[in-house]
Amino acid sequence: MARRAQPVGRRAGAAVALGLVALTLGTLGAVAWRAVGTWGLVEGLGPADWAALRFTLLQAGLSAVLSVALAVPVARALARRRFFGRRALIALMGAPFILPVIVAVLGLLSVFGRGGILNAGLAALGLAPLSIYGLHGVILGNVFFNLPLAVRLILQGWLSIPAERFRLAAALGFGPSQIARQIEGPMLREVIPGAALAIFLICLTSFAIALTLGGGPRATTIELAIYQAFRFDFDLGHAALLAALQFAISGAAMLLALRLTLPQASAAGLDRPVERWDAASPWLRAQDAVLTTLAALFLLTPLALIVTQGLPTLLSLPGIVWTAALNSLAVALASALLATAAALALALAISGPRPALYEAAGMLPLATSPLVLGTGLFLILNPVIDPSRLALPVTALSNAAMALPFGLRALVPALREVEASHGRLADALGMRGLARLRLLIVPRLRRPLGFTLGLAAALSMGDLGVVTLFAPPEGGTLPLQLYRLMGAYRMNEAAGAALLLLILSFALFWVFDRGGRADADT
Amino acid sequence: MKLSMLAAGLLALALGTAAQADEKPVLTVYTYDSFASKWGPGPEVKTAFEKTCGCTLKFVTAGDGAALLSRIRLEGKRTKADVVIGLDTSLTAAARKTGLFADHGPLPKLDMPVTWTDPTFVPFDWGWFAFVYDKAKVKDVPRSFEALAKSNLKIVIEDPRSSTPGLGLLLWVQKLYGDKAGEMWKRLAHNIVTVTPGWDQAYGMFLKGEADMVLSYTTSPAYHINVEHDDSKGAALFDKGNYMEIEVAGKIAGTKHPKLADAFMHFITTEAFQKLIPTTNWMYPVIKLSSPLPKGFAEYRPKISLLYPSAEVPKIKDKALAEWRDALSQ
Amino acid sequence: MLTLENLRLTHGDWTLEADLNLAAGARCALIGPSGAGKSTLLGAIAGFMAPTRGRILWQAQDLAQLAPGERPVSILFQDNNLFPHLTAAQNIGLGLRPNLRLSTAEKARVAEALGRVGLADYADRKPAALSGGQQGRVALARALLRARPLLLLDEPFAALGPALRAEMLDLVASICSETGATLLMVSHDPGDARRIADQTIVIGDGRAAPPQKTEALFADPPPALRRYLGTN
């Protein structure tokens with residue numbers, strides 16, 4: 001076919017990619033441009049910056065490796081066991097990922113802190129208390145946040161293995177180790193680099209967890225150094241330089257992950273429940289049960305404490321908090337629609353030739369410093385329009401960009417699957433462009449689209465985003481009110497607002513994710 | 001295609017907001033977020049000032065004092081602010097350097113532990129930094145950094161790079177120990193449970209029992225006494241003094257509403273404004289009020305007030321930060 | 001007339017060559033060992049694989065510039081011939097308009113086609129609620145409506161039992177008579193070939209031989225076909 005046209009146009013995908021580049025590198029450029037225009041040449045990096053770089057790489061690398069290493073056995077246990085409440089457990093275990101950082105940190109401290117239940121238990125047993133603060137605390141915090149994501153991505157990989165292959169393995173008398181080598185190994189090599197990369201990039205730009213749980217300035221990340229450059233030194237050039245460094249590291253990490261990924265020909269297996277004949281031994285059953293329980297305890301205990309601490313004040317929250325919740329809901333819905341449409345357009349472009357460029361554009365937001373993005377947008381918009389009028393739309397836009405990479409991870413493999421199973425039929429019938437999108441792709445991608453909508457809505461709900469830089473309107477957003485309550489000593493009401501935030505984020509995720517699954521024809 | 005739809009949406013929203021503008025002149029006041037929040041003085045300040053000014057007071061917020069200054073610097077001469085309220089004495093030197101602020105008019109008699117000589121900025125409240133503790137847990141309250149370093153008390157502090165109290169503590173130790181400040185930080189290192197990005201996390205962790213003391217303000221116990229009727233918190237007063245924070249406002253020289261801006265600058269030091277400060281910002285008013293201060297304000301007044309002249313802050317803060325970082329990074 | 005002119009298809013070190021004509025209106029079976037390239041040849045005609053050499057022509061028009069959906073071809077694959085999320089009627093309607101925006105007249109034609117394959121009452125069922133035979137009929141009804149001059153079957157009925165398969169082939173035969181389509185079908189079973197194909201192309205040893213009369217061919221099979229049939 002000399003002239004086999006792209007079945008669905010890539011123009012929308014190209015527009016999204018350009019938009020992302022503008023939003024990430026463009027805002028960085030705006031900050032750098034302003035810096036050079038004001039102060040001339042930018043100084044190089046100092047020893048403190050290099051120390052921050054080393055610590056950032058160390059904590060992000062360890063967190064990514066550990067999250068993925070722990071997620072593999074947990075995902076395997078969830079993939080090969082059926083038990084009551086499994087579906088609810090998988091959904092609930094995803095909750096930490098959508099929590100605002102401050103809520104998650106306080107939840108973690110309720111369990112692992114000096115006054116937490118773990119140390120209370122140790123004290124009751126007459127044992128010395130454990131300290132959460134230090135590198136191990138940073139890793140613990142990052143794993144708490146990112147284990148759910150890793151489990152989810154890897155579990156998807158497991159469920160994408162056609163049931164027929166396990167049947168074949170059972171017929172051939174494969175034991176667990178042979179299955180691991182022949183079937184699960186190749187799948188993991190396809191899934192793990194992407195999952196580890198995503199977590200590495202998330203941890204790269206974190207600073208609140210690192211600083212709070214790291215115990216002091218030795219836990220300085222690049223993002224905190226950017227913060228310092230902005231508000232302590234007001235050295236925009238230095239901030240831009242550090243942000244560029246962050247992009248460079250992300251780029252290197254992406255290249256590495258790309259080389260490690262073993263692309264697997266996707267097989268169009270029927271979506272039957274995965275029956276496993278190899279894992280029936282009592283020892284393996286016990287192992288899976290223990291793993292699932294431990295992971296659930298680790299992820300759910302802090303959540304349970306957030307719930308119990310928030311319940312007393314939940315219903316008596318002042319009206320403005322509810323107004324803020326409505327604002328946040330509106331922003332979350334807009335952001336979810338935007339993120340999903342953009343992720344779909346980009347995923348379509350990625351399924352065509354030269355996917356690497358589009359893939360990279362899709363990962364850019366993960367490497368972006370929210371502070372630089374917000375400041376850059378401010379610099380760009382300020383001469384044109386009063387930024388305070390755009391606070392909510394800009395928040396929706398930046399939240400959508402931040403959620404897009406996760407949607408992409410869910411959509412791209414699913415899209416490949418659809419094209420592999422029904423692409424030729426659609427080609428043969430001449431289904432192209434919008435018709436193909438409407439009649440084939442969207443209906444076949446309901447599950448990952450629902451997941452993307454849900455995740456984007458939930459992430460947006462919990463994200464403070466750039467709203468503070470843009471002078472929020474009356475009411476602000478729910479995370480902003482949460483911070484305001486804390487800033488006004490009202491820690492109990494803040495706990496109620498945190499619970500409200502948790503409930504709304506989770507409900508949004510649940511509704512969309514379930515909606516995508518309901519009567520999905522397999 | 002999608003982006004253009006988005007742009008259209010943004011524009012529609014922006015125009016929608018613009019259409020609400022009314023006839024009265026609008027005085028734009030930049031402030032930090034918690035000043036304008038429901039629990040801050042903002043809403044009542046707005047009501048009180050609008051009663052007399054025949055104008056609309058509009059707050060535009062940035063995260064905190066330092067973010068506020070960053071925003072003014074980013075906007076430069078194009079700023080839409082008429083007045084900025086919420087900088088503090090560690091920022092005024094940098095703020096003055098922007099050349100954007102106009103000098104203030106005559107001030108009434110101020111009630112502060114230090115004499116106010118700044119020609120540009122007008123103070124609107126002040127207080128002392130202090131370590132706040134739980135009376136039930138801390139019986140032997142330290143009266144100096146030395147005593148704190150000798151004790152096994154655990155403290156949570158804020159990072160000077162991202163928080164105002166954190167910077168205050170940095171200057172406090174620097175002021176007391178000068179060239180030996182790094183040494184003092186080394187001695188304190190074992191007391192420090194952790195360093196948080198902001199005051200809210202630190203205070204939240206303290207209330208959760210993560211530490212015996214937290215870096216906050218001498219007026220923090222007053223909040224618990226007056227709002228929660230809880231007398232369990234105290235603030236440690238140090239014999240060699242506690243460091244001060246004075247929060248200030250300034251008029252933008254290029255304002256399009258100079259008369260309104262002057263009226264607001266004057267309003268700041270009147271009783272109508274000042275009486276709101278103690279129970280919203282939980283700081284001391286800058287004039288003597290006709291009514292007594294809330295319970296708890298009188299108990300925790302250190303004998304010595306420490307404060308660097310604002311012009312000196314930029315010269316010492318980088319070196320102080322480097323010493324702090326080195327001492328606590330080991 | 002379908003012309004494969006000096007055609008070569010390659011996939012790694014695997015190659016298939018063909019240089020043959022098939023008269024319009026012919027019904028031709030494609031027979032040969034597995035891996036010989038029967039499906040690949042159909043795929044190339046349908047536009048899913050570009051030849052490395054030579055041309056594919058229909059009525060003297062080179063098809064190379066046409067996308068699969070634009071070719072004068074209807075193809076039924078081994079599986080996945082229906083979209084599982086669309087009803088039988090919708091799946092058939094795609095044969096008229098790939099965007100499913102059907103006029104009333106076109107909807108009537110869909111209903112008529114459903115009736116023609118004996119599924120008048122199954123219009124709103126999704127494939128999961130249809131048996132294998134019924135699924136095959138829906139796919140055939142769609143081919144009937146598309147009425148393209150070339151009908152390519154890549155063993156879509158291989159999973160059906162002999163009786164049902166015979167029924168399907170009869171349906172194919174009558175559709176071809178109605179639409180005057182030229183049929184090219186992959187087959188493993190000489191019985192199937194004899195049942196509806198008057199001509200047969202034997203594929204083997206990297207070559208597709210020109211079509212021959214089916215009866216004559218099976219009466220005196222060449223060595224390659226004999227090896228395949230296992231009759232010595």
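Positions of Cβ are set from backbone N, Cα and C atoms, glycine also.
Taken from TrEMBL as is:
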- A:12-36: transmembrane segment (TRANSMEM)
- A:53-257: domain 'ABC transmembrane type-1' (DOMAIN)
- A:56-78: transmembrane segment (TRANSMEM)
- A:90-112: transmembrane segment (TRANSMEM)
- A:132-155: transmembrane segment (TRANSMEM)
- A:191-216: transmembrane segment (TRANSMEM)
- A:236-258: transmembrane segment (TRANSMEM)
- A:289-308: transmembrane segment (TRANSMEM)
- A:320-350: transmembrane segment (TRANSMEM)
- A:325-512: domain 'ABC transmembrane type-1' (DOMAIN)
- A:362-385: transmembrane segment (TRANSMEM)
- A:391-412: transmembrane segment (TRANSMEM)
- A:448-471: transmembrane segment (TRANSMEM)
- A:491-512: transmembrane segment (TRANSMEM)
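Scored on C-beta pairs under 8 angstroms, the neighbour of the transmembrane segment (A:320-350) with the top count among A:191-216, A:289-308, A:362-385 is A:362-385. Contact check: the transmembrane segment (A:289-308) against the transmembrane segment (A:491-512) gives at least three Cβ pairs closer than 8 Å, residues 6 or more apart, which meets the contact criterion. Here the transmembrane segment (A:491-512) has Cβ contacts under 8 Å with residues 91-92, 94-95, 98-100, 103, 106, 303, 306-307, 309-318, 321, 325, 328-329, 332, 336, 450-451, 453-455, 457-459, 461-462, 478-479, 481-482, 485 of the same chain, all six or more residues outside its ends. Across A:12-36, A:56-78, A:191-216, A:236-258, A:362-385, stretch A:191-216 shows the highest tally of CB pairs under 8 A with the transmembrane segment (A:90-112). For the transmembrane segment (A:56-78), the neighbouring stretch richest in Cβ pairs under 8 Å, chosen from A:12-36, A:191-216, A:362-385, is A:191-216. Only pairs six or more apart in sequence are counted, and the transmembrane segment (A:191-216) with the transmembrane segment (A:12-36) gives fewer than three Cβ pairs under 8 Å, not enough to call it a contact.
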